[in-house]
Structure formats: C-alpha cells, structure tokens
Amino acid sequence: MSTETFRVLERTAGWKFIDFDELREYKDLLYFLTWRNIKVLYAQTVLGLLWAIIQPVVQIVLFTIIFGKIARIPTEGIPYVLFSTVAIVPWTYISGAMQESSQSLVLNQGLLGKLYLPRLIFPLVPILSRMVDFTVSMVIILGTALYYRVLPTVNLIFFPIFVLMMMAISLGVGLWLSSLTIRFRDVRHAMGFVLRMLMYSAPIVYSVATVDPTYRFVYSLNPLVGVIEGFRATLLGTSMPWAYIWPGMVSTVLLVVGGAFYFKRMERIFADVI
C-alpha cells in the first residue's frame, strides 16, 4: 500500500515572516536552480565567464578617462583606476543581482501556479548565481592592486562582512521589487533608470570626501555607501570609515527585514495575480 504526502496551503492574513526552516527543506532545489541559472547565463556564448571580466573592465576604462583624466575628480591620492575598480566590481554584482531578482517571479510564473515550493527561492537564486561573476571579477581588483603594489592590511579581515552586506542589499531590494513587479509591470521598465540613479547616489565615481559634511549622515543611510567604502578600506588599506558604514548596515537590515515581511504578505496572491 503506497502512501503520499500532501502539503496543505492556507492563506494567512496579516504580516508574517519568511519561514527559513522551510527553505532548508528545499535546499537541493535551490542549488539546482542556482546552477541552472549559471549555465543559462553563459549558454551558447563564445567568451563564457570572460564576460564577468570584460563588462566591468569596459566601465573602469570609461570612468577612468571621463572622471579621472577629463573631470579630474579627487580620489584622496589613490590612482583613479584603482579607486574605481574596487567600486565597480561590487556595483556590477549588485546591479545585476537586483535586475535579475526583480524579474525572478515573473520569469518563473510557469512554476508558481503548478507546484509548491518556497517562493523565496526565486529572488534568492540570482543573488547566489551572480557570486560566480563576482568571484571571477575579483581577478580585476587583484591584478590592479598588484600593478600599483598595494598590499592588504589588517582591514582585510572585515572583507567578508562587506561581501555579505553586498548580497543582503541585493536580496532586500530583490524581495521588494519582485513582489511589486507581480502587480505592477512598470517596475521592469523603471529598472534601468533606478539603477542609474543608484549608481550616482553611491561613491563609485567620486569620493565621499566631496560630500558636504552637513549631509553626510543622511548620505550614509544609503547602504551602497557603506559597501563601496568598506571595499575600499579593506582592499586598499585606507582607514575604516565607520561613520559611513554603521548607518548603511542598519539600513541594510531594515531593507531585508522589511522586504521579507512584504514578500511574505504578497506571497499568497502571487499565483492569482500572474
């Protein structure tokens, strides 16, 4: 006599938090979808993973010419190539992960109505799969640092914290935007504009030293500021700008927690709306 296991789904009212224990039950599926996403990203490409290096390198060259040579933006004595490289690599990850994560539910709408699995898996997959690109892109930072003979300092021990913060920001935004995209397809059209605004709101092409001290606290609430400055401090050996980092960390926590609650609240209508 065979037995079958059924999962009863009930709609719940109010604000609930994501069940991470349930996510652990589906970890094999998460690994599978992440690996599938990596393969699809580079399927039928000639250069494959080299694109993870080419794209940020092109940006670095353009920014160095425009902002470093022509505009001559001050970088506190750091060569502009090095200054921009340690910012563009994490930004490339964040922008790519945000964009993919925001569309993850819509792109997987065929699965949403057919079988049960934790919906959190979909925005989480790009966060994990994009780490392959990020790891490969770190070669650019390593090569540039070696060229300018920049050696790591004790600040390097904090590097994993900023990598996790980078991923958390991408996940938090992904949770919000993927939920909103289900109801408002305008989000997809607005993403390009939003990403451009975010890029210039962070100290990628300029130094935080150029920000008016009157607005620095408000500016530091942008979590991207803490990530970029954290990367510079840990990889270039500059002093740790905790005044910019702590507010960004608080904003990151609020972004992820708020996104998780909103995602869970909207989860019950995903299949119906799609």
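We count from 1, first residue shown onward.
Backbone N, Cα and C atoms are what each Cβ position is placed from, and that goes for glycine too.
Range with TrEMBL annotation transmembrane segment, chosen from 23-40, 77-94, is 77-94.
Through the fold, the transmembrane segment (190-209) approaches residues 63, 67, 73-76, 83-84, 87-88, 91, 95, 98-99, 102, 177, 216, 219, 222, 224-225, 227-229, 241, 244 of its own chain, all at least 6 residues removed from its boundaries and within a Cβ separation under 8 Å.
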